[in-house]
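Have a look at the structure below, then the notes.
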Amino acid sequence: VLPEEIFFTISIVGVLENLIVLLAVFKNKNLQAPMYFFICSLAISDMLGSLYKILENILIILRNMGYLKPRGSFETTADDIIDSLFVLSLLGAIFSLSVIAADRYITIFHALRYHSIVTMRRTVVV
C-alpha cells in the first residue's frame, strides 16, 4: 500500500468525522451554545486541512499515473497553494484550541459571570 493511499484514506475519515461533529451540533438544539460554536470552528479547520491533503494526494496520484508532468509549472503552483492553505488551516485549529482553552478558563474561574462574559455575540466576533 502506497503512503498516498493511506493519507488519502485518513483524510477522508477526517472529513467524515468532522462533518458528523458539525451535523450533531447543527441538529441538536442543546449543543447550540458558545462552547460548541468553538468546537465547530475547530471541526471546520480540521476538515479544511483534511480536504487540502485530499487535493494534494490527488495531485500526487495523478502525477504518478503520468497525467501531470513531474515538477511542472501547474503542479508546483498547485502544491504551493495547497501547502499554504494547509498552514492556514493549522493556524485556524491552533486559534480554535486557544479559544476553547480560554472558554474553559472562564467557565472554571468565573462560573457565576460566565453567561455575561461569553455571549453569542462575542462568540461570533471571535
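Heads up, the Cβ atoms here are built off N, Cα and C, so glycines get one too.
Computed from a predicted structure; not experimentally measured.
Per Swiss-Prot, the feature transmembrane segment maps to 1-25 (among others); the stated evidence is similarity to another entry.
Taken through DSSP, the topological domain 'Cytoplasmic' (26-34) splits into 6 helix, 0 strand, 3 coil. The annotation topological domain 'Cytoplasmic' is assigned in Swiss-Prot to 26-34 (among others).
Per Swiss-Prot, transmembrane segment is recorded for 35-55 (among others), and the stated evidence type is similarity to another entry. Residues of the same chain lying 6 or more positions beyond the ends of the transmembrane segment (35-55) and with a Cβ under 8 Å from any Cβ of it are 7-8, 11-12, 14-15, 18-19, 21-22, 25, 78, 82, 85-86, 89-90, 92-93, 95-97, 99-100, 103, 107, 120, 123-124, 126.
Tertiary proximity for the topological domain 'Extracellular' (56-80) is limited to same-chain residues at least six positions away from its ends with a CB under 8 Å from its CB atoms, namely 4, 7-8, 11, 86. The annotation topological domain 'Extracellular' is assigned in Swiss-Prot to 56-80 on the grounds of similarity to another entry.
Listed as Cβ neighbours of the transmembrane segment (81-102) (distance under 8 Å, sequence separation of 6 or more from its ends, same chain) are residues 35, 38-39, 41-42, 44-46, 48-49, 52-53, 55-56, 59, 126. Feature annotation from Swiss-Prot assigns transmembrane segment to 81-102 (among others).
The feature topological domain 'Cytoplasmic' is assigned by Swiss-Prot to 103-123 (among others). For the topological domain 'Cytoplasmic' (103-123), the DSSP counts in helix, strand and coil order read 18 helix, 0 strand, 3 coil.
Using a Cβ-Cβ cut-off under 8 Å and counting only residues 6 or more beyond its ends in the same chain, the topological domain 'Cytoplasmic' (26-34) has close neighbours at 103, 118-120, 122-123.
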